[in-house]
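Q: My questions all concern the structure below.
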Amino acid sequence: MGRDQNRYVKRLWSDVRVGDVIHLSCNEVIPADMVVLNSSDEHGICFIESSNLDGESNLKQRQSVKGLNLGLQEEFQVSQFNYMMEVGPPTTKMYHFTGTIPLSTGERVPLSKDNLLLRDCTLRNTDYIEGVVVYAGRETKAMLNNGGTRYKRSRLERRMNLEVIWCVVILFFMCLISATGSGLWQVLHHFLPSSSLGLCEYEVLHVLPFDSNRKRMSIIVRHPHTYQKILYCKGADSAILDNLSRDVDEQTKLRVFRTQQHLNTYSKLGLRVLCMAKRVLSDSEYESWAAGHSVAENSLGGRERKLHDSYCRIEKNLSATGIEDRLQDGVPETIQALRKAGIVVWVLTGDKQETAINIAYSCALFQPNMEIIKLNARTKDQAERTINFFLQQIQQQEELRELSQVNGECVPPGGQSSAPAKERGLVVDGRTLLYILDRRANLKKKFLSLAKQCSAVLCCRATPLQKALIVRSAKDSLKVLTLAVGDGANDVSMIQTADVGVGISGLEGRQAVMASDYAIARFRHLEKLLLVHGHWCYNRLARIILYFFYKNASFVLILLWYQLYNGFSGSSMIDQMYLMVFNLFFTSIPPIVVGIYDKDAPEEVLLAEPHLYSQGRTSSVYQPSSFWFNILDALYQSIILFFITALVSLKSTRVLGCSHTPPLPHTHTHTQSTFYMIVQAKYLDYHIKC
């Protein structure tokens with residue numbers, strides 16, 4: 001809404017500017033970073049879901065600005081907002097925001113992250129809000145955490161480009177030789193040059209949002225049939241079980257004991273466990289708590305502590321049930337297959353460390369017998385000391401292992417011990433990542449050296465920008481090809497930075513899919529995408545590229561040898577029609593058919609034997625030596641083809657008693673026919689090798 005307007009109008013996101021007042025309804029996505037001025041809640045509270053930014057689906061509470069005389073009525077009046085906001089410059093820090101609103105009395109109203117709604121978040125459990133835009137477009141925190149799009153090239157394409165340059169160099173020397181020969185020919189022979197891709201509705205009374213201290217969240221609802229007020233609570237097992245009712249019979253105590261045993265069993269299996277509990281509230285009990293909670297919500301000093309005490313007063317004497325939060329089908333099997341294929345798996349998540357570790361065990365990223373290394377530093381010096389300690393510890397373990405194997409078994413000279421090294425898993429939290437990725441700390445190389453010694457890496461509480469920086473660091477420092485998989489807007493920057501980006505379409509929206517190179521519906525489809533289609537495509541492209549180099553080199557070299565017989569005049573021994581249709585018809589259709597339909601191994605074999613993927617991962621089919629071998633092969637075959645044809649033609653004319661000079665028209669025809677047959681035979685040879 002503009003200041004000269006008296007009503008709200010719909011506008012595109014691209015038309016939103018700093019200073020605009022925006023009206024949003026429930027379940028709408030926030031188009032820009034904005035400060036809340038008004039809410040449908042009488043206390044100015046609203047709730048947002050930030051899964052598109054940090055991957056967390058729990059609701060976060062935000063508060064409208066206090067201390068402004070806006071004359072709030074049933075409808076917010078923009079004309080009442082005659083204030084100037086002073087905010088800091090745009091930054092990538094998602095949870096940092098400061099600002100003030102100077103008043104005419106000389107006082108200042110402070111602004112904090114509790115008043116800020118970030119772009120790409122979704123308004124939940126709030127009918128509507130009004131707010132003023134403070135950052136728009138590319139200055140929003142979401143956009144600053146997303147990297148720009150870039151052109152991606154595969155290793156095969158980069159290598160092919162290098163060899164195209166070599167072809168240009170070869171052509172240059174061929175032209176130089178021909179030009180020199182032409183000059184010498186003219187001097188010696190006095191020739192002149194010729195140019196010639198069952199809802200059940202409840203009335204929600206209160207929502208007690210999740211926080212890291214309580215490790216749980218609750219909701220108070222009114223039952224649609226009994227009209228009872230019921231509190232439902234979910235959270236970590238430690239947070240739920242400690243608040244269960246103690247005044248129960250022996251049978252209930254036995255059920256609680258069995259539930260605890262089940263939780264222990266789940267933990268040993270590496271499963272992620274979520275506990276749920278409920279409590280039926282009497283009317284008097286609820287009204288007493290609601291009055292105290294309202295006071296806590298409106299308090300200006302110590303609000304967080306008072307709200308925490310209010311939550312804890314109602315979240316007690318609960319009864320519990322345990323549920324297992326399962327992953328998508330096929331996730332552990334897919335990760336195991338990728339590791340067998342020689343692919344190192346890193347998980348970059350915005351989840352808390354405890355949750356992320358549980359997920360890592362659930363998806364088979366971590367194994368029960370793994371040694372888990374945790375980097376949880378609170379200062380830069382502590383991060384450096386911790387990394388150095390683990391590097392030294394690993395080095396000592398490797399030296400002791402090699403020494404014990406040499407003393408305990410016979411190792412041949414120059415050989416290696418047959419005992420496998422102990423597998424390790426690395427866990428890093430978000431604050432430690434901040435120190436590691438700081439250019440002034442010089443910890444990046446040490447961290448990557450430590451990560452190379454681990455079978456799996458888990459980065460927790462990572463922001464979108466940190467995810468992208470980790471991918472770029474691994475790609476640039478370790479000189480490896482990177483593939484990033486994500487399903488939300490917080491993964492866009494990482495997907496764009498990686499050599500190959502894969503987006504998963506799901507509940508988190510389509511931002512990741514739109515920014516990706518490939519899109520899949522479920523994570524388990526990644527196995528087939530890489531091990532089957534990736535393997536097929538690499539083999540097809542590698543062999544077809546070599547074939548193209550061969551046929552074109554043979555074609556040009558034959559023309560070079562012909563210059564020896566025409567004074568390096570540049571004349572072509574092949575008819576102009578054949579020159580035009582050589583690449584258009586004679587040698588184009590077979591590679592297209594092979595490039596689309598050829599399969600060097602059945603799909604079932606590739607899925608059953610993941611190690612076959614290493615053929616493409618190590619570029620064993622297309623090596624620099626393969627290029628030069630094909631060029632030499634083309635050189636050899638062009639010599640044999642041209643000179644044997646010329647020799648046969650020469651002998652035939654001598655038998656007929658014509659001339660001692662090879663008849664060029666006959667040589668043209670014989671060489672053309674023989675050359676096309678050899679090129680097609682070479683194509684069949686490439687096809688058989690595939």
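Note that Cβ sites are derived from N, Cα and C of the backbone, with glycine treated the same way.
So TrEMBL says this about it:
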- Phe210, Lys234, Arg272, Thr349, Gly350, Asp351, Arg461, Lys467, Asn490, Asp491: ATP binding site (BINDING)
- Asp487, Asp491: Mg(2+) binding site (BINDING)
- 513-654: domain 'P-type ATPase C-terminal' (DOMAIN)
- 162-185: transmembrane segment (TRANSMEM)
- 544-565: transmembrane segment (TRANSMEM)
- 577-597: transmembrane segment (TRANSMEM)
- 627-650: transmembrane segment (TRANSMEM)
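Let's see these features in context: how buried, what's close, how far.
A: DSSP assigns Phe210 (ATP binding site) to a strand in the three-state reduction. Long-range Cβ contacts of Phe210 (ATP binding site) within its own chain (separation 6+, distance under 8 Å): Asn58, Leu59, Arg216, Met217, Gly235.
This prediction places the mean pLDDT of the domain 'P-type ATPase C-terminal' (513-654) at 82.
Only residues 6 or more beyond the boundaries of the transmembrane segment (162-185), in the same chain, are considered here, and those with a CB under 8 A from a CB of the stretch are 191, 193, 549, 552-553, 556, 560, 563-564, 567-570, 624, 627, 631.
Cβ atoms under 8 Å from those of the transmembrane segment (544-565) belong to residues 156, 160, 163, 167, 170-171, 174, 177-178, 181-182, 571-574, 582-583, 587, 591, 594-595, 622, 626-627, 630-631, 633-635, 637-639, 641-643, 646, 662, 664, 671, 675, 678-679, 682-683, 686 of the same chain, restricted to positions at least 6 beyond its ends.
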Q: From the DSSP assignment alone, can you count helix, strand and coil residues within the domain 'P-type ATPase C-terminal' (513-654)?
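A: Its residues fall into 109 helix, 3 strand, 30 coil.
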Q: Just going by other Cβ atoms within 10 Å, which of the binding-site residues Gly350, Arg461, Asp487, Asn490 has the emptiest spot?
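A: Least crowded of the binding-site residues Gly350, Arg461, Asp487, Asn490, by Cβ count within 10 Å, is Arg461.
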Q: Please report the Cα separation of Arg461 (ATP binding site) and Asp487 (Mg(2+) binding site) in Å, rounded to an integer.
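A: Here the two Cα atoms are 16 Å apart.
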Q: Which three-state DSSP class does Asp491 (Mg(2+) binding site) fall into?
A: helix
Q: In whole Å, how far is Gly350 (ATP binding site) from Asp491 (Mg(2+) binding site) when you measure between their Cα atoms?
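A: With distance taken Cα to Cα, Gly350 (ATP binding site) is 10 Å from Asp491 (Mg(2+) binding site).
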Q: Using Cα coordinates, what distance in whole Å links Asp487 (Mg(2+) binding site) and Gly350 (ATP binding site)?
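A: Between the alpha carbons of Asp487 (Mg(2+) binding site) and Gly350 (ATP binding site) there are 13 Å.
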Q: Would you count the other C-beta atoms found within 10 angstroms of the C-beta of Asp491 (Mg(2+) binding site) for me?
A: 30
